[in-house]
């Protein structure tokens, strides 16, 4: 396996790391009146492009839905991969359309999916929740330029690539702010839409335009026909392990599609999304660094779990991994090693859970001890997503958030930038100078609200 610990970014591919240039004050009403998520603070305008291509069909998992399955069908069939590209874009030669991309393009089925996840059956409660959710997201946009041309790298090098994996109950577009912030600083971020039954609602589009839905899977609604009744799973861990396998395939396929795009080897392959078929892929040729040991894998919650699992997979040779509040329980028993540098930035809520101690144990398996674990005091598990940027301030406060929602992002991005610095020694120096060093974080509060804490890790 390629040793990727010697440099944080491909030589010559160091993105700009500007200071925060667009201070943002979060309204106590969220985005209720502005209908616009905050601008990104890097030096590059951000383009966004939805991509779906065919991949080699395969069926993963042996589970079947108790009510919906038919004879002979089991698991989930994967024959396409869908992701959104966030990237530095060229506004001089591209579209002059106004900035703004719809944040919730499938609002109705997604809200229905959330209600299903919550197990809400009462018609009145469903109607009220549906109306409230739609009023919060209708017309909401995030600050990007749809399908704008990619900006050629200013140094004639290649843009570094980050693959981002979302959490359970989320989708690729629930992390637009952190993905856009990284893109505005010179990274290509591919946010994968996992069609593994963990999202509230997902759609698969075939090359001929036909669509089929993938709904949220509750483990209580499925069984494993190859197991006797007394050996059926007693919780959702078995399902999550199968879903990890699906995510691994989707992330690997995403990298392969981007490799073909940047090599100009798509051939007769067509993007399944009609709106993206006009994209000039020739402008992407040679623009993205996708070589072995060059790609960073990142994710939140179950997405963080997925990138740790992928790092151990010999088919992946990641440059590094970034795990935000990773659900480590889903990896147990962990008897492997992580062959690349690891960064983990965590919420206070996660630090006070049992999973945090599991994370510390897993971090000890990182080769060369190139591991960095941080926490942000006063934060909760959803803080890394767009959720608290959108909702009124009292929603975050009710769930335990005690810092301004926006403040989480500059702190997190600062740690990520230091981690992905092009010089390993300089990167470690920057990381070691970030935050307040602590040995133990066992009770609330773990620090002053908003304070970045650096976990001291025993060697």
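Any Cβ shown, glycine's included, is placed from N, Cα and C.
The following features are taken from TrEMBL:
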- 301: active site, nucleophile (ACT_SITE)
- 325: active site, charge relay system (ACT_SITE)
- 381: active site, charge relay system (ACT_SITE)
- 1-11: compositional bias 'Polar residues' (COMPBIAS)
- 1-23: region 'Disordered' (REGION)
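The two recorded residues, residue 381 (active site, charge relay system) and residue 301 (active site, nucleophile), show a Cα separation of 8 Å. The local packing around residue 301 (active site, nucleophile), expressed as other Cβ atoms within 10 Å of its Cβ over all shown chains, amounts to 26. Among the active-site residues 325, 381, the residue whose Cβ has the fewest other Cβ atoms within 10 Å is 381. Counting in whole angstrom, residue 325 (active site, charge relay system) lies 5 from the residue listed as 'active site, nucleophile' by their C-alpha atoms.
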